[in-house]
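Q: One structure, pasted below without further comment.
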Amino acid sequence: MLDAPVRLTDLAHGGGCGCKLAPSVLQQLLANQPQAAPYAQLLVGTETGDDAAVWQIDEERCVIATTDFFMPMVDDPRDFGRIAAANALSDIYAMGGTPIMALAILGMPLGKLPIETVRAILAGGASICAEASIPVAGGHSIDSPEPIYGLAVVGLCAVSDIRRNSGARPGDALILTKGIGVGVYSAAFKKQALSNAAYEEMMASTTLLNRVGHKLAKDDDVHAMTDVTGFGLLGHGVELARGGGVALDIDFARIPFLKEAQELAEAGLITGASGRNWASYGDAVVLPAETPDWRRALLTDPQTSGGLLIACAPERAEAIRGTIEAAGFPRATIIGAVAAGEPAVRIG
C-alpha cells in the first residue's frame, strides 16, 4: 500500500461498485423507455439484468460488450486502476467470453490531482489489460469533480458457450468462487480502520481475473453464471433466481468471507449500498429468524470485481469446483443448491 499525497477516497462520495445506483432507482429510470423494434441478433439485452450485451455476428460467433466505471475505493492510484480494469473485464468472462480490447473511461478533477497520479491510474488499468492479453485501444476523458475510471470492453464468444444468469435448473449446485466482504473492507479503508493484511487480501481478490468463466462455459454441465458485484450476493442471487424462475437455497455457514469481514461488519463498518440493496431485493429473500443486522449487511455487501456465482449439475459440482480452485481460486466453495419454487433466495 503506497502513501498518496492526496487521498483519492477523500475526493469521492462513494467508491467501487458501491457507487452503483440502487436497483429500485435503476428500474424507475429504465421504465417506459422508448423501445426499438426487436433485433434477432441481440441474444442478450436488458431483459434479465445480465452481465453484458451479446450480439450474434454469424452462426457460430457473437460479440459481447460491457462497460464499468466507478470512483476510487483505495488511495493508491495504480491499485485503483487495477481494480477498476479487473472489474470491467469480469462481465465478459461471466458471459462465457474472452475479451479482445478495451476503451478507457476517465473523469478526473485535474485541479486537485497531479498528472502523475492520473497517469498511474491509467497504468494500473493497462497492466491488468496486458495480463488479459488485450490492448487499451482508446477511450474518452473529461474534467470531472470526482475521480472516475473504468473500461468499456468488447469480447468474443461462441454462440454455444454463452452463459446467462437465466439458466439455473432445480437440483443444480451453487458455487461461489471468491470471498465476500469487499464492501466492508472498503468502508473500513475509508475510515482508516483496515489492516495492511486485509488490504493485501482485498487487492489479491479484486485483481484476480475471472477468466475461468471462459473455460467453464465450455462445460455443458455449467448452466448459469453471473458475477457478484455491486448488488451483493443476495441481489445477484435474486437476479439468478428470477432469470431461471427458481429458488436458491444458500447455507450461510458455507459462504466464503474475507478473513476480517465478519468482525468488521459486526463493528458497524458497512456501506450505504448494503442497505440500498436490501431495500431493493429484500422482498425476495428469506432469512432465518433473529438474523443479526451485520449478517444481513454481509449478504448485501457490494462486491467490486467479485467472484462468479455458478449453477451447475450437482453430480459434477465437486469436479467443477476443483477446476475453479486449480485455476487460482482457493476460496471456491459449494454454497447451496437450486430448487423449484417462487423466485427467491433462501438463507439457511
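Heads up, the Cβ atoms here are built off N, Cα and C, so glycines get one too.
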Q: Look at the Mg(2+) binding annotation in Swiss-Prot, where D51, D227 are given, and name the residue from D76, D79, D91, D251 listed for that site too.
A: D91
Q: May I ask you to find which of D10, D58, D68, D75 Swiss-Prot records for the ATP site already listed with K20, T48, G49, D50, D91, G139, H140, S141?
A: D68
Q: Near K20 (site 'Important for catalytic activity'), how many other Cβ atoms are within 10 Å of its Cβ?
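A: There are 21 of them.
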Q: Can you tell which of the binding-site residues D51, D68, S141 lies nearest to K20 (site 'Important for catalytic activity') in space, using Cα positions?
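A: Nearest listed residue in space: D68.
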Q: Can you grab the distance from G139 (ATP binding site) over to D91 (Mg(2+) binding site)? Cα atoms, rounded to a whole Å.
A: 18
Q: Excluding near sequence neighbours, so keeping only residues 6 or more apart in the same chain, what lies with its CB under 8 A of D51 (Mg(2+) binding site)?
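A: Long-range Cβ contacts: T66, S90, D91, A94, M95, N165, T226, D227.
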